[in-house]
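Colleague: Grabbed the feature section from TrEMBL, which reads as follows:
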TRANSMEM  36-57  transmembrane segment
TRANSMEM  78-105  transmembrane segment
TRANSMEM  111-130  transmembrane segment
TRANSMEM  171-191  transmembrane segment
TRANSMEM  211-229  transmembrane segment
TRANSMEM  245-265  transmembrane segment
TRANSMEM  286-312  transmembrane segment
TRANSMEM  324-346  transmembrane segment
TRANSMEM  353-373  transmembrane segment
TRANSMEM  379-399  transmembrane segment
TRANSMEM  411-429  transmembrane segment
TRANSMEM  435-453  transmembrane segment
Amino acid sequence: MEFKSANIIALGSILGAGFGFLTIPIITWFFSQEDIGRFSIYQVTLNLGMILITLDLNQAYVREYYEIDQKEQLLKIALLPGSLIFVITIPLLILSNFSISSLIFNINSRLMDFCIYLGIYVMFFINILAHVLRMHNFAWKFAFAQIVPKAGYLLFLGVMFYFFVDYNFEKLILINVFVLSLSLACLALFLKDDLHKALRAKLDIVKLKEMLRFSLPLIIGTLSYWALVSIDRFFLKYESTYNELALYSVAAILASGVGVLVTVFSNLWHPIVYKWISEGIDKEKILLVNECMVVVVCFLWSLIGVFAWSVVYIFPSVYSDTRFLVVSCVAMPLLYMLSETTTVGIGLSRKTIYSMLASFLALIFNMVINYLFVKEYGAKAATIASMSAFTLFLILRTEFSSLLWVSLPRWKMYFSIMLYYVITFFVVFEKFENVGVEILAWIIAFILVLILYSKRISQQFKRFKLREVKC
C-alpha cells in the first residue's frame, strides 16, 4: 500500500472514530442504561454472526487477489458461501420458532429478530466489499465508507430526538440497521461494475475449494479473538446487570478511540515488516520499534489516566464510575498494538498455530476471571479480566516469537507493563485517596519508563536531529 493511501485510510478511520465518540455521550443522556446494555449485546452478536457466515473468505480473497486475473470470480466465491448459509439457515430458524431476540434481550420480538438477521447479512456484505475497495486501492472511497456509518448514525439519532418523545433500544437498533444498509448501498454503488461482473462470472469450484481450505482453519483464530474481546459482555449480561453492562460498554467505546491507532499502525507496520523480511530482517530494527512502542503505549496509557476524571462532566451521573473503568479498557488496544511489534517470529516461521494458541489461552484466562468475580464486582471485574487476558496475550505472543525466531531483550517491557497493570488495578478498585494521587501515580509511572528507555530515546532524538530516521 502506498503511504498516501495509508494516510487517507487512516484519516477515514480517525474521522469515523470521531463521529462515534460524539455519539456515545448523546445516547447516554437519552437512553436508559438497560437499553445501552442491550444495544451492546446486539453489536457483538452482529459481529459473531458476520464471522460465522463470512468463513474468513475475506482473508482468502486478499491472499488470492494478486494470483489470478479473474477478480470477479474471487468476489463471487467470497460472497456465495455466506449468502447460501444465510438463505438456508434463517428460514429454518424462523420455521422452528427460534427467537434470537429472546435469547440475547429476554424479549421475544419478531421485529428485533428481523433486524438482527438483516444486520448480520448487511455486515457480511460490507466486510467483503470493504476488502475489495482496499485491494483496488480506492483509498478515498474506503475512507468514505468508514465515515458514513458513524456520521449517518449521528444524523439519524438527531432526527429521532426531534420527531419522537419516547426512546428505547429498539429505535437504536432500527437506526443502526438503516445506517448499515445505507453504507452497503454506498459500497455497492462504488463497486457496481465489480458486482455486475461477479454476478455473471462462472463459478470456479476448484478455486472455491482451494479458498475454503485456506480460510476455514482461520475461523478458529478469528472466533477466539472475537470471544476474547466480547465474552465479558455476556458474563455481565447473565451474571450481573444491564446497568453494569452499560458502564462497561461506554468505557469500552471511549477506549476504542485508541483502537484507531491500532488500525493505523497495522496498516503501516505490516508492509514495513514485509519489506524488511524481503531485504533480510535485522533484529535490531524490530527491537527499536518495540522499545519505541513501549514508550508510546505507556504515554497514551498515562494520558488517558491523567484525564479520566473529566468523564464525569460528559456523561450522566449514573456513568460516573466509567472514569475508573476506561483506564483498564484502554489497555486492550494498547497491549494488542504492542504485541504486534513482538510477534514477528511467528510470522517469519509461518507457524500461525502459535498465534491461535495465544488467543485461546488468553480467552480461557479471561473466562475464568469473569466467572469467579463478575457476579460480585460487575463491570470492574470484567475490565480487569480483559486487561489481564491481553497482558497474557502479549506475553504469550512475545515468548512464542522468541522461541521460534530470536530472543529479544524484553524485561524492561514486562516491567513497564506490569507497573501500569498494578496502577490500573488500584484505579479501578478506587484504592487511591483522591484524583490528585491518581494523576501523580500516572506521571511517576511514565517518568520511570522514560528513565528505563532513556538510552533509546536519546539515540532516536539524536538521529532525528541528524535526519537519519528511516523505515
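Yeah, the Cβs are placed from backbone N, Cα and C, and that goes for glycine too.
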Colleague: Mind checking which residues reach the transmembrane segment (353-373)? Cβ under 8 Å, same chain, six or more beyond either end.
Modeller: 220-221, 224-225, 227-228, 231-232, 235, 239, 343, 346, 381-382, 384-386, 388-390, 392-393, 396-397, 400-401, 404
Colleague: Top stretch among 171-191, 286-312, 324-346 for CB pairs under 8 A with the transmembrane segment (435-453)?
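Modeller: If we count Cβ pairs closer than 8 Å to the transmembrane segment (435-453), 286-312 scores highest.
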Colleague: Looking only at residues six or more beyond either end of the transmembrane segment (78-105), which have a C-beta under 8 A from one in the stretch?
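Modeller: Same-chain contacts beyond the ends: 38, 41-42, 45, 52-55, 57-58, 60-61, 112-113, 116-117, 120-121, 124-125, 128, 131, 169, 198, 203, 208, 211-212, 237.
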Colleague: Of the listed stretches 111-130, 324-346, 379-399, which one has the most C-beta pairs under 8 A with the transmembrane segment (211-229)?
Modeller: 379-399
Colleague: Which one, 111-130, 245-265, 324-346, has the most C-beta pairs under 8 Å toward the transmembrane segment (379-399)?
Modeller: 324-346
Colleague: In terms of Cβ proximity under 8 Å, which residues at least six beyond the ends of the transmembrane segment (36-57) contact it?
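Modeller: For the transmembrane segment (36-57), the sequence-distant neighbours (Cβ-Cβ under 8 Å, at least 6 residues beyond its ends) are 27-28, 77-78, 81-82, 85-86, 100, 104-105, 116, 119-121, 123-124, 127-128, 169, 172-173, 176, 211-212, 215-216, 218-219, 222-223, 226, 230, 233-234, 236-237, 241-246, 248-250.
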Colleague: With CB pairs under 8 Å as the measure, which of the listed stretches 111-130, 245-265, 324-346, 411-429 comes out on top against the transmembrane segment (286-312)?
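Modeller: Answer, by Cβ pair count: 324-346.
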Colleague: To the transmembrane segment (324-346), which of 111-130, 245-265, 411-429 is linked by the most Cβ pairs under 8 Å?
Modeller: 245-265
